[in-house]
Amino acid sequence: MTEAWGPDDDEPRRHHGPVRVRVPAKINLHLGVGPLRADGFHELNTVYHAISLFDELTARAGDTLTLTMEGEGTGTLELDESNLIIRAAKALAARTRMPAYARLHLRKSIPLAGGLAGGSADAAATLIACDLLWGTGLSRDELADVGATLGSDIPFLLHGGTALGTGHGEAVSPILARPTTWHWVVAIADGGLSTPAVYRKLDELRDSSFPPKALGDPDELMTALRQRDPAVLGAALGNDLQPAALALRPELAAVLEAGQRAGAVAGLVSGSGPTCVFLATDAGHAAQVAAGINAAGVCREAVTARGPMPGARVT
Ligand code: ATP
């Protein structure tokens with residue numbers, strides 16, 4: 001399993017392993033949700049942003065496909081065919097006509113069902129790791145095509161940075177802004193929220209007599225990103241799923257309030273929640289906001305993070 005893939009030096013080569021890949025979590029700086037389409041997806045226009053909260057996937061040569069894990073969600077997350085890691089390895093094997101053989105190990109820090117796309121991140125890491133281990137030599141765009149069949153956020157997590165997502169989020173184009181590091185506080189909740197349940201709740205709220213106002217296009221956010229001013233970016237952040245996440249988890253209002261009281265520039269629910277994220281002016285301010293939220297005792301833990309970060313990369 002660890003020999004060179006072919007005699008020709010032009011052929012991609014198998015890696016002798018282990019291959020270790022680090023992958024970030026994502027937040028959505030703007031999440032505009034359109035109406036429900038006939039194919040069951042909502043039309044999205046979103047601005048993805050990769051932050052410094054990472055999972056790590058290690059792939060070793062094996063004569064079967066196995067998955068083990070440690071960290072967040074151990075004992076809860078199924079390690080069988082339902083796991084996005086196994087599904088991603090099999091999808092790549094099918095695409096490249098390789099046997100899906102690897103020993104995979106996940107070190108998980110991204111909370112489960114947190115609105116941070118941890119499962120999609122793990123799938124993106126698997127695609128990068130197995131591509132190198134098996135010597136299949138697909139481009140990042142080809143891997144993104146394989147990933148898009150499994151989850152809308154996977155193409156973004158292969159690319160990372162800050163990017164516009166359209167379609168149902170799978171069509172990704174990088175946003176070229178002047179390099180700026182943004183400082184965040186990530187308030188991790190106890191327990192998760194089901195993404196489909198949050199979308200269903202949004203549809204229900206939109207059918208009600210007082211539907212929440214929809215965000216529309218991310219133009220203001222895109223302009224704000226170019227200005228490098230936290231106050232301007234803070235005013236442009238928005239998430240159409242927030243009212244639905246709050247309806248399903250009213251306690252999140254106290255988290256958002258605690259962030260505001262701790263002096264955050266702005267705060268919002270991350271994706272489908274229940275994680276909330278807060279913008280800070282710099283690293284010191286982020287530490288101060290995290291300490292304030294932790295002191296309020298309204299969530300499991302508030303941690304600091306930076307963005308943008310690169311997507312899934314071999315370490
Ligand atoms: P979304 O990408 O829908 O916003 P999320 O960030 O809210 O998702 P995830 O942790 O990505 O939540 O996963 C949602 C569900 O996907 C989990 O509850 C779990 O059942 C399933 N899942 C499958 N594989 C994985 C994985 N490797 N890590 C996390 N969840 C996984």
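Glycine is treated like the rest: Cβ placed from N, Cα and C.
Features as listed in TrEMBL:
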ACT_SITE  Lys26  active site
ACT_SITE  Asp153  active site
BINDING   Pro111, Leu112, Ala113, Gly114, Gly115, Leu116, Ala117, Gly118, Gly119, Ser120, Ala121  ATP binding site
DOMAIN    83-161  domain 'GHMP kinase N-terminal'
DOMAIN    222-297  domain 'GHMP kinase C-terminal'
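On the structure: features taken from TrEMBL.
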residue	record	Cβ contacts under 8 Å, 6 or more apart
Lys26	active site	Tyr48, His49, Ala50, Ile51, Leu116, Ala117, Ser120, Ala121, Asp153, Phe156, Leu157, Gly271
Pro111	ATP binding site	Glu72, Gly73, Gly118, Ile188, Ala189, Gly192, Thr275
Ala113	ATP binding site	Gly191, Gly192, Leu193, Ser194, Thr195
Gly115	ATP binding site	Leu193, Thr195, Ala245, Val269, Ser270, Gly271, Ser272, Gly273, Pro274, Thr275
Gly119	ATP binding site	Leu84, Leu112, Gly151
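The ATP site is defined by Pro111, Leu112, Ala113, Gly114, Gly115, Leu116, Ala117, Gly118, Gly119, Ser120, Ala121, and by the 8 Å test on Cβ atoms against their centroid, the other residues of the chain that qualify are Ala25, Ile110, Gly192. Among the recorded positions Lys26, Pro111, Ala113, Ala117, Ala121, the residues whose Cβ sits under 6 Å from any atom of ligand 1 are Ala113, Ala117. Residue counts for the domain 'GHMP kinase N-terminal' (83-161) by DSSP state, with H, G and I taken as helix and E and B as strand, are 45 helix, 8 strand, 26 coil.
Over the domain 'GHMP kinase N-terminal' (83-161), the average per-residue pLDDT in this prediction is 97. Residue environment of Asp153 (active site) contains 29 other Cβ atoms, counted within 10 Å of its Cβ in all protein chains.
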